[in-house]
Amino acid sequence: MNSLFTSAFSPLAVSLGLLLVMTSAFPTPGPLGEDFKNDTTPSRLLLTTPEKTEALIKHIVDKISAIRKEICEKNDECENSKETLAENKLKLPKMEEKDGCFQSGFNQAICLIKTTAGLLEYQIYLDFLQNEFEGNQETVMELQSSIRTLIQILKEKIAGLITTPATHTDMLEKMQSSNEWVKNAKVIIILRSLENFLQFSLRAIRMK
């Protein structure tokens, strides 16, 4: 009798076991909780809202501030006016009136396109930052990862209206310098310009 009972129900037991395994592997999506709103890790922000995108930008700005602070703690002339000497050699993406990101003449679509294109152009400068920064590399890598995530989010918003710019590896060579002060000045300028660039983009990000 026991043998018959086992024979009859073993297929059902196997099926239930498989169902439990599949349920564990692929959990049913639930509503997003409050913890998600404060989670600025790139993998979570791909499913995003304007609020979460804004949180990601603020997360990036915090990382920029942390790197600048670390550099300034080691360099007494960290952010003085002499930086303009190094700035003349850098062609950093900047917001202009025609880009639609300023309060006057604001245009969300144009601003989003400019923001995405500009962040793509910043990639080569971030590579320079990673090569030259002698501090916490983990912070720099997290900054780059967060910016790549932001680019992906923005690309979805503008539906492929821009193409990835060509990589100019020779630019990295031109930015190199044996002078420690010039090197640090360039890093600071890149970080400060990137922060300003992101701040101007927030108006377009906040709109539904």
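Here the Cβ of each residue, glycine as well, is placed from N, Cα and C on the backbone.
Per Swiss-Prot, these features apply:
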- 1-29: signal peptide (SIGNAL)
- N38: N-linked glycosylation site (CARBOHYD)
- C72-C78: disulfide bond (DISULFID)
- S81: phosphoserine (MOD_RES)
- C101-C111: disulfide bond (DISULFID)
Cβ neighbour count (within 10 Å, all chains shown) around C72 (disulfide bond): 14
C111 (disulfide bond): secondary structure state under DSSP, collapsed to three categories: helix
For C111 (disulfide bond), the number of other Cβ atoms found within 10 Å of its own Cβ: 23
